[in-house]
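Feature list (source: TrEMBL):
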DOMAIN    A:87-445  domain 'ABC transmembrane type-1'
REGION    A:1-23  region 'Disordered'
TRANSMEM  A:31-53  transmembrane segment
TRANSMEM  A:91-111  transmembrane segment
TRANSMEM  A:123-144  transmembrane segment
TRANSMEM  A:325-346  transmembrane segment
TRANSMEM  A:367-385  transmembrane segment
TRANSMEM  A:425-446  transmembrane segment
Amino acid sequence: MTATLLKEASPPAAPHPDGSRGRRLRRRGRVIALLFVFPALLLLGALVVYPVLFSVGRSFFDASGNEFVGGENYAEMFRDPATLKAIRNTAIWVVVAPTLLTGLGLILAVLVEKVRWATAFKLLLFMPMAVSFLAAGIIFRLAYDEDPDKGVLNAAVVSVHDAFEGSSSYPTARARDGEGLTARPDGSYVTGADVSPGGTAALGLVGVAPKDLPGDAEPARPAASRSAGADEIGGVVYLDFTPGGGGKPGVVDPDESGLPGMKVEAVRDGSTVATATTGADGSFRFTGLDGGAYTLKLPSANFAAPYDGISWLGPALVTPAIIGAYLWIWTGFAMVLIGAGLATLPRDALEAARMDGANEWQIFRRITVPLLAPVLTVVFVTLVINVMKVFDLVYIIAPGPVQEDATVLATQMWLVSFGGGNNQGLGSALGVLLLLLVIPAMVFNVRRFRRSQR
Amino acid sequence: MNAIRRGLSSAVVQAFLVVIGLVWMTPLAGLFLSSLRSAEETAEGGWWTVFTSPGQLSFDNYSALLDNSGITQAFWNTVLISVPTTVLVVVVAALAGYAFAWLDFPGREPIFLLVVALLVVPVQIGLLPVAKLFGQLGLFGTIPGVVLFHVAYGLPFAIFLLRNYFAEMPKEMLEAARMDGGSEWRIFIRLVLPVGRPAIASLAIFQFLWVWNDMLVALLFADSSAQPLTVQLQSQIRQFGSNIDVLAPGAFLSLVVPVVVFFAFQRHFVQGVMAGSVK
């Protein structure tokens, strides 16, 4: 849009000599001129203008191309759920992506002027423009991978989550039936018999593979035989399984390991009065308890399935995720274009406002943004045109089964025409719809050009 | 007090921009580091584990890539598509741009307005009709077919850009050359092309990257022996995850050329992309 539109074109320097010699010269000039434009006109005519007309015509015929169906393909477009989904997704793209990009570009363009390494920053953010959508697609397929051991985004999300919520250590652990622990519907376990201060408890669990034990786990037997003080309840949480066999269920055998990091609660009359976390040998101890009967509880958090992060490329988030990748590519473009506009703002207006005591936010809101409005419009319109035609990113990033949730007009047009659908009537109608959507931009360009010629 | 506050806010701004910069670099760094790890290592943990065990890094994937005839063939196809397209677009558009700017022929104004209107025509609308046309001409599936399609859809912008640039040449310069009896062809070669060099450079770089990075057009028009790197790599994406040791170095290979071009000609590139944003 910022193409170097010329200010005024001079009329051609066509000589107007009179006489037959002059006429011959002029005719010769025209022939030469036509030779100059002929290759371009041939290519444009055969490969651009003719296809547009052909597609418009083809869109009124059925899939095979033999039968005239009128506007049927256009009606079908709004009936077929897949195409409807594509239209809806394209609408989301067109509203969300240009808005975010223009906003982000504006903020960064203003901020980057305040640092000395502005040029390096601009280069870094602009660089993704040189990268193909395919490469960007592979990059983001990798970043969005659902497995936190592969996708960097989920690795970050999971580590933040676990830092606040703590990770559960024993998702597979369970108690043996009839060995003192009862399962509750919420996934926690409680002791069947009450424990009083001065008493101890050995809470045995199974279902943890020895290789899944934390590296610092120690045998539980020494701790299990320790007694508790008058106001204490002690005990161990252990893996009631002897590797190689030979252990007795419900008994802490010599080779059986403690389960470190297990949360234990002492519950009295239905409310938790004390909590403890087991040590390396699985031992826990509640101190300073009043007399009475307590139940011990292993809360469900110990057994919760591990948090896997967010399903970025699942049906719900796939479109926002792909828009995120698009932002990575285009933010630099918006920033540089807006930055160029920023450089043309009148310095005195900004200085005067500063002298009058306006703060940076007021200057931004009241002066910078209104003066930049024309540039922002150009950036926004440019992005809308580009977003409408987005194809490669969606095609590459959305995994096969989710493709239909992520589909946009351009991918749908491809699928319908060439990718199995093989309905070239409907495909042509979708192509024509894409063309109709960019016609406002076409009019805008032509008007702008004609104005520049006056 | 004011100075302290200003210093503080500038520190906040710097920190914010540093974070943004790191976020922007991470995806690319992730791809590069992934491309240096074996498939087994990728299955076991993310690329960030290289910071704790750098022993994983090796160029084995790249040497395997060079032995992969599908990939090397696709790389050459990419070159064979992008370079001729760029040359043809520049030549055809420069001829037409000069004619639209300075030569007199019937219909000059309306035809040029049509070219301006064609700027935003989406390539999608051309896919089906041109595929049929190329089928009849025996061009479907071939590299020349891909090139011709790219040239046609690159022309409106190229003509628009060059015509506007040429039109700004001083009229006296051309008239003097015509007085000296130079033919239009001579004037074009000796005067117009040299004067137009900055615009031609921007156009060439923009056009080259546009075609190098294209996938859609080649996906339809190139058969398996003519397909460029983008199409070859996308055909391997179906088994994403299992073959990341091919995809990651392949993607990196495909983006090295554009990124080098970008850094070598950043000014022209930025101008070209900004001017070309109308597409």
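Positions of Cβ are set from backbone N, Cα and C atoms, glycine also.
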Beyond the flanks of the transmembrane segment (A:123-144) by 6 or more, those residues with Cβ under 8 Å of it: 108, 150-154, 312-313, 321-322, 324-325, 328-333, 335-336, 391-393, 395-397, 399
Best-contacting stretch, by C-beta pairs under 8 Å, relative to the transmembrane segment (A:325-346) and drawn from A:91-111, A:367-385, A:425-446: A:91-111
Listed stretch, out of A:31-53, A:91-111, A:425-446, that has the most CB pairs under 8 angstroms to the transmembrane segment (A:367-385): A:91-111
Spatial neighbours of the transmembrane segment (A:31-53) far in sequence, C-beta under 8 Å, 6+ residues away: 435
